[in-house]
């Protein structure tokens with residue numbers, strides 16, 4: 001029993017010694033990197049005065065740009081009609097999250113970074129840290145929701161267009177904010193290592209409890225990062241496949257268009273022959289109305305030689321047929337038909353001198369009926385194909401631009417937040433890792449910069465947002 005008790009006491013002493021060493025190491029890191037600098041303002045600073053002034057200016061500009069940019073995004077969606085669509089409510093939610101970061105989190109962080117000590121009390125510290133976790137988590141989860149929305153819209157556009165209702169979007173946004181609250185609230189409920197009493201030199205920092213660090217970093221960053229990586233890769237593959245399918249469809253339609261042009265020539269030749277015969281019969285009906293002495297003369301003038309319908313084209317038909325041709329024909333066929341019209345008009349002018357106006361009226365009433373095509377012309381089909389292809393091209397261009405914008409947003413998100421969350425996850429398990437306050441402040445503000453960069457990304461890569469921003473800022477488009 002005595003040996004057992006001695007063994008237990010030895011283990012307890014070792015544990016206490018280890019904890020004391022860890023605390024001493026942390027305190028040593030804090031003391032070694034905690035110099036104070038006097039200033040002309042009568043307060044001590046964590047950095048030299050010139051550095052404090054420069055830091056304050058830079059960080060204040062970041063805060064102002066974050067506030068202004070995200071307010072412009074919110075106003076653009078609600079005031080500019082092309083942006084007033086359901087899926088843009090995700091962007092509004094993201095802008096609200098970034099705006100709360102700029103208003104509730106960043107100003108206190110500026111003061112804390114420059115002063116090097118927390119002077120606002122323990123309760124403000126707890127609320128500030130909770131808002132920090134919740135708002136940053138909401139910003140990241142909103143990016144994840146936007147990625148999922150784009151993924152469903154591209155991979156299943158028909159079904160998802162019916163499912164993407166305002167209620168569904170608002171439900172997803174609500175889930176994002178509820179999850180953010182769940183991830184950020186445990187420290188307020190006791191899952192923390194905060195001191196009970198704050199001294200002037202007591203740091204206000206995120207809890208380093210290993211369990212909470214793993215829980216919060218996974219929910220706030222690592223799980224959304226995995227989801228966005230997989231989703232964006234699927235979006236890339238789906239967009240690439242659709243572009244490849246469109247290229248194949250374009251080749252097929254080009255070949256089909258060429259075949260239609262060839263068939264159009266044959267059909268035109270056959271229709272001319274039928275029209276010639278029909279017009280010949282009509283001309284015979286016309287010649288019965290005149291006297292027998294003029295019958296042979298009129299028959300010679302009205303009887304077609306090669307293409308008789310060209311000789312029965314009055315001047316009044318010129319404008320009428322020119323209005324029809326651009327609709328029924330493509331660019332190449334307009335030139336050919338234009339030449340035929342010139343020949344027909346010339347022939348009409350020469351024949352109108354030798355025939356009576358009444359005869360022309362009677363012939364003109366019958367000729368258009370005989371030359372009318374009951375089936376749609378191949379040129380009409382080609383125009384329809386071109387219209388559909390153009391609509392598909394515009395749609396795919398928008399999808400590709402949206403996917404590219406999403407990829408840039410995700411890339412900026414990773415660059416901004418990955419350093420912070422790597423350090424945040426490593427520190428609780430590495431007591432001997434001494435990091436300077438300047439480095440910690442840098443990676444923390446690098447993450448905050450993500451809230452300022454999102455509106456800039458929209459402005460650069462989205463034409464509608466650019467127009468809306470210019471309209472809100474009273475700039476000429």
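Every residue, even glycine, has its Cβ placed from backbone N, Cα and C.
Swiss-Prot annotations:
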{"type": "COMPBIAS", "residues": "263-272", "note": "compositional bias 'Basic and acidic residues'"}
{"type": "COMPBIAS", "residues": "279-295", "note": "compositional bias 'Basic and acidic residues'"}
{"type": "COMPBIAS", "residues": "296-312", "note": "compositional bias 'Basic residues'"}
{"type": "CARBOHYD", "residues": "11", "note": "N-linked glycosylation site"}
{"type": "CARBOHYD", "residues": "16", "note": "N-linked glycosylation site"}
{"type": "REGION", "residues": "256-317", "note": "region 'Disordered'"}
{"type": "REGION", "residues": "334-358", "note": "region 'Disordered'"}
{"type": "TOPO_DOM", "residues": "79-88", "note": "topological domain 'Cytoplasmic'"}
{"type": "TOPO_DOM", "residues": "149-168", "note": "topological domain 'Cytoplasmic'"}
{"type": "TOPO_DOM", "residues": "239-405", "note": "topological domain 'Cytoplasmic'"}
{"type": "TOPO_DOM", "residues": "461-477", "note": "topological domain 'Cytoplasmic'"}
{"type": "TRANSMEM", "residues": "56-78", "note": "transmembrane segment"}
{"type": "TRANSMEM", "residues": "89-110", "note": "transmembrane segment"}
{"type": "TRANSMEM", "residues": "128-148", "note": "transmembrane segment"}
{"type": "TRANSMEM", "residues": "169-191", "note": "transmembrane segment"}
{"type": "TRANSMEM", "residues": "217-238", "note": "transmembrane segment"}
{"type": "TRANSMEM", "residues": "406-427", "note": "transmembrane segment"}
{"type": "TRANSMEM", "residues": "440-460", "note": "transmembrane segment"}
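With a cut-off of 8 Å between Cβ atoms, the residues of this chain six or more beyond the transmembrane segment (217-238) that come close are 133, 136-137, 140-141, 143-144, 147-148, 150-151, 154-155, 179, 182-183, 403, 406-407, 410, 413-414, 417-418, 421, 424-425. Most Cβ pairs within less than 8 Å of the transmembrane segment (89-110), among stretches 56-78, 128-148, 169-191, 406-427, belong to 56-78. As a quick check, the transmembrane segment (169-191) and the transmembrane segment (128-148) clear the bar of 3 or more Cβ pairs under 8 A, pairs 6 or more apart, so the two touch. Across the topological domain 'Cytoplasmic' (149-168), DSSP assigns 17 helix, 0 strand, 3 coil.
With a cut-off of 8 Å between Cβ atoms, the residues of this chain six or more beyond the topological domain 'Cytoplasmic' (79-88) that come close are 149, 153, 164-166, 169, 464-465, 467-468, 471-472. Under DSSP, the residues of the topological domain 'Cytoplasmic' (79-88) split into helix, strand and coil as follows: 5 helix, 0 strand, 5 coil. Helix, strand and coil residue tallies for the topological domain 'Cytoplasmic' (461-477), in that order: 11 helix, 0 strand, 6 coil [DSSP].
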